[in-house]
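Peer 1: The feature domain 'Transglutaminase-like' is assigned by TrEMBL to 268-360. Summarising the annotation, TrEMBL assigns active site to Cys276, His334, Asp357. Positions annotated as Ca(2+) binding site by TrEMBL: Asn397, Asp399, Glu445, Glu450.
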Amino acid sequence: MSSLFLIHLPALEIARWDLECEFNNTDHRTELNGVEQLIVRRGQPFTINLHLRSGEYQPGGSALDLTVETGPQPSDQYGTRASFGLTDQIDTSRWSAAVTSPPGYMVSLSICSPPDAPIGRWRLTLGQGGLVEFVLLYNPWCTGDVVYMDSEEKLAEYVLAQDGIIYRGSWKYLIPTPWNFGQFEDGILEACLRILEMNPKCLRNPGKDASGRKNPIYVSRVLSAMVNCNDDKGVLLGRWTDDYDGGVSPLSWKGSVEILRNWDTNACQPVRFGQCWVFAAVACSVSRALGIPCRVVTNYNSAHDTNSNLVIERYVDENGQLVQKSRDMIWNYHCWVENWMTRPDLKPGYDGWQAMDPTPQEKSEGVYCCGPIPLKAIKEGELTYKYDAPFVFAEVNADVHTFMKRKDGSTEKIISSVQVGLKISTKSVGSDRREDITHLYKYPEGSDEEREAFTKANHQNKLLQQQTNAGLLIAIKVSAEMKKGCDFDVFAVVTNNTPNGKKCRLVFGSRAVSYNGILGENCGFKDLLNVELAPGEEKRVPLRMNYSKYAENLTEDNLIRLGALLLDYGTQEAYLAVRNVVLENPEIKVRILGEPKENRKLVAEITLQNPLPVPLQNCCFTVEGSNLTGGQIITEKLNSTVEPGQDAKVKIYFTPTHSGQRKLVVDFDSNKLCHRTHPEPALHKTQ
């Protein structure tokens, strides 16, 4: 006969505890958030020291019950609640705790969460009375986490780096634009967690939403919707016109910090205004803050396909000027983000970078969001994969059909060589060089693999497209330097590859244009009714771009669209060439005076020479930098007018608060000229 005896060990009586925030946060690579609260990553142990009220801890002689909870409706079933006791060793696959100190009055307790625990705010109950609050983040350093990345160099770039570069301009003239992501600045993590808490899915079903946060696919989709405010109390309101009343131009933002703080401190009212690179940059800041490796990507000549037919239809008038007849557009460039994760919801082979777009363009499942979709799915033409593969595929692969709309209302297809999905770019790991990642989205043009991908995607227009030698060719060439404030020439180059002489009409025009393809006013125009070309002859026809003509028409993007339309009188065929040019701003020079040291004030001398033939008034420099300007924007105004050829010069004071290489983002603004620079490097390693 045997009996079972239950032995109840006495519970530890805890007088107080120490969260060891500085040690834990440093160990979990969250110390840049500060050490005032406990911020740890899932799947990795953290330490709490317990000071006992009476008695000593003896192994096997005392008990401690622990409970962790997250969200307003914690549940064991959904992984938002767990109860556990002390064990001999930590088990990193589940919530567990073990004592790591020798017997005594102080107990060092090691606690670990599973690598798939939901992220967010957690509550830890110690025994009968102690309540501890902490924040749990994704852990890309943990092999068991679905956001695991196996390169320290890449983790330093895609999780820890607080500054970066976003590419703008045009595919012929890429402009690297600096951005302060600032994900570790004071208050930013709190704002990011509030974004999760304010999303409509959380408001409708908070228990299910809290459980869903274990999955970065779910969280990425939430962020894609919440960075814009079209369906919810999201962060940014988009505006693609020149009317910025009630807010500021998207070009005025230098980083995400001010945007996220404004949203968080103003009752979640949308910040006005954003455009694609601002939406993408804020999404990148939030993703990195939560522990998801993330990068901002720019796609040049980016197609916006509104009817999912993988075709962009464009119309021009008889002068070669675009007519907005279709909602389909080609953006000069478009920015989105890529988040790194595995995709257990798809068949093997689709892990890694996932495209996610927070700019509100088209609805997905009834909400303005897009992605995440594996880059490999786009490359392979797998358009049935989640999420929003057809839209992203069209952005980089859509076919472009151009039609001429005549005065009598008839339309005629014309020959054009416009391509989409060019020079897809992101910042390189560990340097400010550009990395071209077009090959991650597309196979080489004309390859067998490309044709196979188009077959899968049912992209019949590309499959049936024939390369024809038109006989007549037209292209646009530009001058080596096109600086804002100067006059310069652009050229329509016409070539006759036929054995016969040709008589043609050439219409060569230019208009200001915004980055998303909205056309502005005329900047120069030429109409030649009798262009004669002998067999094999090439002619260069210049068009003078005068500052006096284009100055008042330019948008903030400094973009001019050139269009050359060639009409063959003999065959009645029309040929179109289109090219966007970006006017260069002058260089902003930054000189650091003194040796950089942590917590010691430094001086930056900043100068810009006025390149325009007119005086600059109301000149203002603004500076921002992670762990340099305390999360604030420093502004320095000039009281005097800066005459043509003269320097605008200021000195700005700031204090580095952490060691390591940091960069300043510098903006210049005036009545006639706005410009931003990215010093290389602005500040070397501090001591």
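Any Cβ shown, glycine's included, is placed from N, Cα and C.
Let's see these features in context: how buried, what's close, how far.
Peer 2: As a whole-number mean, the pLDDT of the domain 'Transglutaminase-like' (268-360) in this prediction is 92.
A simple way to gauge crowding: the CB of Cys276 (active site) has 28 other CB atoms within 10 angstroms, across all the protein chains here.
For His334 (active site), the same-chain residues 6+ apart in sequence whose C-beta sits under 8 angstroms from its C-beta are Cys276, Thr298, Asn299, Ser302, His304, Thr359, Glu395, Asn516.
A sphere of 10 angstroms centred on the C-beta of Asp357 (active site) encloses 30 other C-beta atoms.
Here Glu445 (Ca(2+) binding site) comes close to no residue that lies at least six apart in sequence on the same chain with a C-beta under 8 angstroms from its C-beta.
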Peer 1: Count up the helix, strand and coil residues in the domain 'Transglutaminase-like' (268-360) according to DSSP, in that order.
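Peer 2: Residue counts in helix, strand and coil order: 15 helix, 41 strand, 37 coil.
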Peer 1: In the structure shown, which of the binding-site residues Asp399, Glu450 has the fewest Cβ neighbours within 10 Å?
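Peer 2: So among Asp399, Glu450, the binding-site residues given, the one with the fewest Cβ atoms within 10 Å is Glu450.
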Peer 1: Applying a 10 Å Cβ distance cut-off over all chains shown, what neighbour count does Asn397 (Ca(2+) binding site) have?
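Peer 2: Counting Cβ neighbours of Asn397 (Ca(2+) binding site) within 10 Å gives 24.
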Peer 1: Give the distance between the Cα atoms of Asp357 (active site) and Asp399 (Ca(2+) binding site), rounded to the nearest whole Å.
Peer 2: 21
